[in-house]
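Novice: Structure incoming, see below.
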Amino acid sequence: MRGGGGAAAGPSAPAGGKESGGGGNRSLLPARYPPAAGGNEDVQIGVLFASKAMLQLLVNPLSGTLIDRVGYEAPLLAGLAVMFLSTATFAFAENYATLFAARSLQGLGSAFADTAGIALIADRYAEEPARSRALGTALACISFGSLAAPPFGGVLYEFAGKRVPFLVLACVCLLDGLLLLALAPPCAAGARANMPVGTPIHRLMVDPYIAVVAGALATCNIPLAFLEPTIANWMKDSMGASEWEVGLTWLPAFFPHVLGVYVTVRLAAAYPHLQWFYGALGMAIIGASSCLVPACRNFGQVIVPLCGICFGIALVDTALLPTLAFLVDVRHVSVYGSVYAIADISYSVAYALGPIVAGQIVHTMGFAQLNLGMGLANVLYAPVLLFLKNVCQMKPSHSERNILLDEGPKGLYDTIKMEERAG
């Protein structure tokens, strides 16, 4: 915005707004948005990035409760609608306040879309190993979006301008909403009025098993959340990395992430009683990989520990997200909105702190100390997952689903669920 770029300005427009090189579509207007007082743009950018996770963190307890009450389809559609609105707003934003509002709106949309989507999968795929496969597929798609975003956004921004990446993503949200209306229309979920009342989110939060899983999800995502805003500057300073290397830093890690999802799903199908071990192994890999990052001296070397981090995250997420659904089945009521809101809160904690805290830690302590601290946190947390060792042996004595199986359907919702299961 300092370049007065509007929609057409590219990333190479200088602060004075004058054309550079052969960029014929660069704006010649003077700068309309000078730097912040004191020139502390890093703080502004960090707050802008973190605003999504912060609002998501605040809204998730409410969205989880609402999803438990009204079902999964309507909140998912509402979340996609908000994401469409926020992404389109980004395309036409021309000041910091509008960008901040759009970014915060993304958090509101994600609080409903993310939670409702994962909960819907857990509800539709009630048995293992189908549930792990379905959740693993969703995690692979999440990973693809996160890791392919930098080159996707950078290339389109460079050659098509600021608006095009956001308009493309807005169209994806719109298409996704239309597909949802065609495949699982919210108006067809009238039986939700008779669904069992889910366990309140505050009771789920104090369940020790769920708390252990939530802590693992937050801890394993801290390296990714803290490295994303800091590794680019470190690569430029320590190894003289070029712009294309910085832009492609995370993309190779998509492939080991998918491999981690595949391996965990296959192992969980063969040895379901070792889910806790897959999560602990993933945290150990994340810890070791985080400690190796500062020792890298070129682009090829730094790819290896980043791939290790994403492979470990895949192991933890793919093993523990189905475990959350199982814990709700055997210890509470089989309604999944609130428990996956807790999972989303765990992710949001890491991504709310990352853009704001990581840079300050690097400034005061150093990049190497940041990575060693994150690695140590993961290694120390891994043994805590031993607490989940006997989860698979729990009997679903209080599960609504098993009560229905034992006693037969007694109402409209129960009848529909029994018919779905029989099908």
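Placed from the backbone N, Cα and C atoms, the Cβ positions cover glycine too.
These numbers come from a predicted model, not from an experiment.
For 1-393, the entry in TrEMBL reads domain 'Major facilitator superfamily (MFS) profile'. The region 'Disordered' annotation in TrEMBL covers 1-33. What TrEMBL lists as transmembrane segment is 74-93, 134-152, 164-188, 209-227, 247-269, 276-296, 302-327, 339-362, 368-388.
Looking at the shown structure, can you explain where the listed features end up?
Specialist: When pLDDT values are averaged over the domain 'Major facilitator superfamily (MFS) profile' (1-393), the model yields 84.
Listed as Cβ neighbours of the transmembrane segment (209-227) (distance under 8 Å, sequence separation of 6 or more from its ends, same chain) are residues 279, 282-283, 286, 289-290, 293, 306, 309-310, 312-313, 316-317, 320, 323-324, 327, 331, 339, 342-343, 345-347, 349-351, 353-354, 357-358, 361, 370-371, 374-375, 377-378, 381, 384-385, 387-388, 391.
Residues 128-129, 132-133, 136-137, 139-140, 143-144, 146-148, 150-151, 154, 228, 231-232, 235, 275, 278, 282, 299, 302-303, 306-315, 318-319, 322 of the same chain sit 6 or more residues outside the transmembrane segment (247-269) yet have a Cβ under 8 Å from a Cβ within it.
Among residues of the same chain six or more beyond the transmembrane segment (302-327), those with a C-beta under 8 A of the stretch's C-beta atoms are 118, 122, 128, 131-132, 135-136, 139, 143, 147, 207, 209-210, 213, 216-217, 220-221, 223-224, 227, 231, 235, 239, 249-250, 252-261, 263-265, 268, 275-276, 278-279, 281-286, 288-290, 292-293, 296, 336, 339-340, 342-343, 378, 388, 391-392.
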Novice: Per the 3+ Cβ pairs under 8 Å rule, pairs at least 6 apart in sequence, do the transmembrane segment (368-388) and the transmembrane segment (164-188) touch?
Specialist: no
Novice: Which residues of the same chain, at least 6 past either end of the transmembrane segment (74-93), have a Cβ under 8 Å from a Cβ in it?
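Specialist: Non-local partners: 7, 63, 66-67, 99, 101-103, 105-106, 108-117, 120, 162-163, 166-167, 169-170, 173-174, 176-177, 180-181, 186, 189, 337.
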